[in-house]
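Novice: According to Swiss-Prot, the protein has these features:
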BINDING   G78, S81  Na(+) binding site
TRANSMEM  43-63  transmembrane segment
TRANSMEM  68-88  transmembrane segment
TRANSMEM  100-120  transmembrane segment
Amino acid sequence: MNWLLVIAGAAAGAPLRYLTDRAVQTRHDTVFPWGTFTVNVTASLLLGLVAGAAGAGAPPAWVASEQVVSLVGTGLCGALSTYSTFSYETLRLAEDGARLLAAANVAGSVLAAFGAAALGAALARAVWG
């Protein structure tokens with residue numbers, strides 16, 4: 001039954017990724033992929049919250065349930081974030097001669113996503129731990 005929850009989460013996450021990416025990117029007049037950066041960091045924060053809540057045994061019990069992890073963690077966050085687009089956009093930056101932006105995208109994305117996941121987990125522990 002959890003596979004249905006993963007599908008439901010992904011059905012929400014994929015269009016949310018597209019809409020967020022377009023909304024963010026159209027507000028920036030740059031080749032830097034701010035839309036992809038935003039969805040990846042947001043998904044990392046949300047996944048940190050979900051994993052932190054599950055690890056802390058958050059009450060009510062549904063918050064830390066396997067179903068919520070499947071729906072939000074695997075489904076929504078999995079579809080919201082996009083490693084393949086991040087990789088392709090970084091490659092495109094490098095091939096177009098924007099090597100500094102490509103390097104900034106790699107370093108910034110990894111650091112920001114890791115920081116967001118850690119922040120999400122810390123917030124969950126502060127609330128439910």
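Cβ coordinates are placed from backbone N, Cα and C, and glycine is handled just like the others.
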Novice: Counting every protein chain present, what is the number of Cβ atoms, excluding its own, within 10 Å of the Cβ of G78 (Na(+) binding site)?
Specialist: 17
Novice: Tell me whether G78 (Na(+) binding site) sits in a helix, a strand or coil according to DSSP.
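Specialist: In three-state terms, G78 (Na(+) binding site) counts as helix.
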Novice: Sort out the sequence-distant neighbours of S81 (Na(+) binding site) for me: same chain, 6+ apart, CB within less than 8 Å of its CB, listed by position.
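Specialist: Residues satisfying the criterion: R17, V39, N40, A43, S44, L47.
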